[in-house]
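Among the features that Swiss-Prot reports, region '(3R)-hydroxyacyl-CoA dehydrogenase' is placed at 1-305. Per Swiss-Prot, the feature NAD(+) binding site maps to 13-37, Asp40, 75-76, Asn99, 164-168, 196-199. Residues annotated as N6-acetyllysine in Swiss-Prot, with a large-scale study or a structure entry given as evidence: Lys46, Lys564 (among others). The N6-succinyllysine annotation in Swiss-Prot covers Lys84, Lys275, Lys355, Lys423, Lys578, Lys662, Lys724 (among others), and the record cites a large-scale study or a structure entry as its basis. Feature annotation from Swiss-Prot assigns substrate binding site to Ser151, Gln705, Gln723; the stated evidence is similarity to another entry. According to Swiss-Prot, the active site, proton acceptor annotation covers Tyr164. Swiss-Prot lists Thr265 with the feature phosphothreonine, giving similarity to another entry as the kind of evidence. Feature annotation from Swiss-Prot assigns phosphoserine to Ser304, Ser308 (among others). The region 'Enoyl-CoA hydratase 2' feature in Swiss-Prot is assigned to 321-621. Under the heading (3R)-3-hydroxydecanoyl-CoA binding site, Swiss-Prot lists His405, Gly406, Lys434, Asp509, Trp510, Asn511, Pro512, Leu513, His514, Gly532, Phe562. The domain 'MaoC-like' feature in Swiss-Prot is assigned to 483-599.
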Amino acid sequence: MASPLRFDGRVVLVTGAGGGLGRAYALAFAERGALVIVNDLGGDFKGIGKGSSAADKVVAEIRRKGGKAVANYDSVEAGEKLVKTALDTFGRIDVVVNNAGILRDRSFSRISDEDWDIIHRVHLRGSFQVTRAAWDHMKKQNYGRILMTSSASGIYGNFGQANYSAAKLGILGLCNTLAIEGRKNNIHCNTIAPNAGSRMTETVLPEDLVEALKPEYVAPLVLWLCHESCEENGGLFEVGAGWIGKLRWERTLGAIVRKRNQPMTPEAVRDNWEKICDFSNASKPQTIQESTGGIVEVLHKVDSEGISPNRTSHAAPAATSGFVGAVGHKLPSFSSSYTELQSIMYALGVGASVKNPKDLKFVYEGSADFSCLPTFGVIVAQKSMMNGGLAEVPGLSFNFAKALHGEQYLELYKPLPRSGELKCEAVIADILDKGSGVVIVMDVYSYSGKELICYNQFSVFVVGSGGFGGKRTSEKLKAAVAVPNRPPDAVLRDATSLNQAALYRLSGDWNPLHIDPDFASVAGFEKPILHGLCTFGFSARHVLQQFADNDVSRFKAIKVRFAKPVYPGQTLQTEMWKEGNRIHFQTKVHETGDVVISNAYVDLVPASGVSTQTPSEGGELQSALVFGEIGRRLKSVGREVVKKANAVFEWHITKGGTVAAKWTIDLKSGSGEVYQGPAKGSADVTIIISDEDFMEVVFGKLDPQKAFFSGRLKARGNIMLSQKLQMILKDYAKL
């Protein structure tokens, strides 16, 4: 059985604790070791009068049972005084239970200003004042638990309680924001809507029902939510009579009611009303960003369905010269250099793991077929988007805080080299006017020398900058494609880690939105979100694994549309449909069902067009002649070499960064053997080296040990055996 929940040493402030729910909370906390401040003004349920007896009786009751408590008789509007009592008596404040409340029930037309104001002063402003007084102390100690008290009247409304309902729902909004702001300091805030007998409810509920709704049936939930082991934050719970339920918002998919070249009308709203109110496929937004984040998806649907935005006023459109004049502008060229370390770091950042043996080729430079993940191509090009690059483009004047990464396209013309330096050239390909925003389309071309390696297209949506009279579509924009209307052919899932964004940002995307809780909070997120291009990398890796056996030479292109944010720790689920060489896919958060990447696809090179033994440039490898010669010369000295070497050497010869051929020199039995292909048994050491470097070793231009330490020669297995290369190649093979 799990250990009981204790509050030893925790200082708990309960407001309105002179009776009813507050009294039950105070007694329960004290019974489990808490040091309790029992606050009660001592008035009646209408907020009239004051006195000390209510709080004193509860304190006395706690002390009789061996607990520790002190009384406070101040109004919750004087929140500083309540918290000062806790600090002066016990030296800290750990838990605040905002429970104090009164009623002034009137039908709406009979509510006076005083009836309205006093309800808000006690419930909403009182909760604010007490919590604010405790907030900084909780931040300094990096710990706090806050409980807000709402009501079914606030959630659903109730006749005769307009003042009370408004205040109680306001408390929920206050809690939701405090949960976001307090998370980074281990301050959790939750809300309950209790059904219990009290001084307030005894006037509106039958006596037998009041008895059934005992405060003791609410207190256990309060204690759990306020315990240090409870990770719940920002929750809303109804509770009463021994029952507890959690509430959440739900939203219909809704309907787009704008038609091309027609004004948006109330008739269009009426005609779509059934769809607007249809909850059969509802979403459940949890953050303000999830609530507003679908705007990009809506705008793309507007385009694809032939619907256009319409101005809601007769104001003249903004000048077109600025945005239009930016089209065709070339940004300064730049170089992106990287080593195997950056390639591996990226692979880990998008979920590659040693737990999956097939991922080893992406995370271990000594792997025989070590490769860059194809989507590393976006890292090469992303400098064009960093460091305010767009801000230098003449005519582009907008608030960059309102810029969203809408879509991404990447095409590879050959596999990315495992390391190297690429020169990148970026140009503003087009700018589209979406009415409520503008889409900036930027093309980035990456070259190795004069050879084009990859091409990226970034589509950036800027909220609120549209309406300048520009064109809405462009043949230059790589089109997103809807997924087929049938069950997926394959589904893969990967759980992201809580450190996923922190790891991915090491690949060069330093946006504080993905690491800084304060910055994320200002942007409307409850915590830092995962990079969209990190989700992009996870998804592409799933497709490559499922339909190309992780063969990077088969990857041709990828197009995605970013729909919603992902939080580190959530599970990414990629749903895939195969149609010829195109793999359509969409990516969801498994826990919520939210689509986070939509209208996406990967184009693959046909498997029949892939050669595993010859380099892409064609032609014979020089090393093949050398291995043939070694085989011939060892015939006369093979037994002697076997005695000295006693090992099986497997060679992986690379060309253009990929394995072009495998050879085995078996010096473990008989007179030895040289043959093309992997070792028939197990190799003692595997050596990875390019065809060019192999020839330099053979001709004595490159020392094997120096090649190893410089990274030009890699070995796995018993790497000490690589020291015998000189003996094999020179002393015996006479090369």
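For all residues, glycine too, the Cβ spot is worked out from N, Cα and C.
Feature annotations (Swiss-Prot) mapped to structure.
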residue : record                                  : DSSP (3 states)
Leu13   : NAD(+) binding site                     : strand
Ala28   : NAD(+) binding site                     : helix
Asp40   : NAD(+) binding site                     : coil
Thr265  : phosphothreonine                        : coil
Lys275  : N6-succinyllysine                       : helix
Trp510  : (3R)-3-hydroxydecanoyl-CoA binding site : coil
Lys564  : N6-acetyllysine                         : coil
Lys578  : N6-succinyllysine                       : strand
Gln705  : substrate binding site                  : helix
Most Cβ neighbours inside 10 Å, all chains, among the recorded positions Lys84, Lys355, His514: His514
Residue from Gly33, Ser165, Lys355, Trp510, Pro512 whose C-alpha is spatially nearest that of Gln705 (substrate binding site), among the recorded positions: Lys355
Max pairwise CA distance, angstrom, over record-listed (3R)-3-hydroxydecanoyl-CoA binders His405, Gly406, Lys434, Asp509, Trp510, Asn511, Pro512, Leu513, His514, Gly532, Phe562: 29
Close in space, distant in sequence - Arg23 (NAD(+) binding site), Cβ under 8 Å, 6 or more apart: Ala17, Val58, Pro215
Distance, Lys578 (N6-succinyllysine) to Tyr164 (active site, proton acceptor) (CA atoms, angstrom): 57
Least buried by Cβ count (within 10 Å) of the modified residues Lys275, Lys578, Lys662, Lys724: Lys275
Residue from Gly33, Asp40, Lys84, Lys578, Lys724 whose C-alpha is spatially nearest that of Trp510 ((3R)-3-hydroxydecanoyl-CoA binding site), among the recorded positions: Lys578
Cβ atoms near Lys423 (N6-succinyllysine) (within 10 Å, other residues, all chains): 17
Other CB atoms within 10 A, centred on Ser165 (NAD(+) binding site): 21
Lys275 (N6-succinyllysine) to Gly33 (NAD(+) binding site) - Cα separation in whole Å: 54
Summary of DSSP states over the domain 'MaoC-like' (483-599), given as helix, strand and coil counts: 37 helix, 36 strand, 44 coil
Cα-nearest neighbour of Asp40 (NAD(+) binding site) within the listed recorded positions, Ser151, Thr265, Lys423, Phe562, Lys578: Ser151
Coarse DSSP state, helix versus strand versus coil, of Lys84 (N6-succinyllysine): helix
Greatest C-beta neighbour count within 10 angstroms, which of the binding-site residues Leu13, Ala28: Leu13
Neighbour tally for Gly18 (NAD(+) binding site), based on other Cβ positions within 10 Å of its Cβ: 28
From recorded positions Gly18, His405, Lys423, His514, the one whose Cα lies nearest Lys578 (N6-succinyllysine): His405
Least surrounded among the recorded positions, given as His405, Lys434, Lys564, when other CB atoms within 10 Å are counted: His405
